[in-house]
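*Asks:* If you scroll down you'll find the structure; I have some questions about it.
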């Protein structure tokens with residue numbers, strides 16, 4: 001809610017700072033807790049502390065930058081038509097880890113669920129630290145220029161963000177291939193467990209986490225054109241593809257297949273939204289080359 005308020009006031013720097021702070025705390029505090037108190041309570045406490053600190057910081061910044069306003073019923077209706085499908089989309093996105101754990105528990109057993117969840121959480125937090133601040137801070141900038149009818153500028157920003165994400169993915173791939181032994185040993189030490197085919201498993205999980213973060217940029221044209229309902233349809237398609245891949249492959253190939261199914265779902269959503277985003281921009285009388 002605080003993020004949304006700051007985005008509405010075009011406070012992209014504050015959004016970036018709060019997101020970066022939250023990512024650092026969510027990654028750093030559990031690591032500190034691991035060395036001080038290797039228990040579940042310590043992890044839960046540190047996550048709660050991270051969100052409280054970020055929320056208080058955001059609330060402080062929001063009070064400094066906003067004024068009260070009165071909205072007409074027409075504006076409220078327009079916000080509802082835009083925001084309600086978006087809230088459904090957020091619900092479906094948040095359900096992805098639950099679906100993964102449900103499939104793994106039913107297909108592989110509860111022990112595998114714990115290992116997969118711990119590894120996914122660690123990798124997701126690492127990528128959130130790097131990418132999520134960009135995806136959140138760019139939203140108010142693109143929305144501002146779009147509403148000012150500077151659509152050519154919005155398209156340029158979108159294309160540059162995609163290029164930046166593509167280059168970042170190549171950099172991460174090079175780092176992983178050159179230091180995968182050290183990375184996997186560190187993960188095994190932190191989680192106190194070992195995994196079958198860890199190089200492939202960690203690589204696919206990292207790719208899945210990266211793609212879902214990148215999708216927040218790829219679907220920006222749908223957000224800008226207020227076609228949030230189509231975002232809901234697209235994520236339902238992605239979830240269906242992911243679920244089908246789970247049922248077919250996980251009983252045979254185990255956790256590696258689970259990570260691959262998650263990647264397939266992320267790729268499906270990203271590809272559809274990217275292609276449709278180009279159509280939206282072309283309809284705005286601007287050609288994306």
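Backbone N, Cα and C define each Cβ position, glycine as well.
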*Asks:* Have a look at 88-110, 157-179 and point to the one annotated transmembrane segment in TrEMBL.
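*Replies:* Result: 157-179 is the stretch TrEMBL calls transmembrane segment.
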*Asks:* Could you give the residue numbers and ranges of same-chain residues that sit at least 6 residues beyond the transmembrane segment (230-249) on either side and whose C-beta is under 8 angstroms from one of its C-beta atoms?
*Replies:* 85-86, 88-89, 92-93, 95-96, 99-100, 103, 107, 219, 222-223, 257-258, 260-262, 264-266, 268-269, 272-273, 276
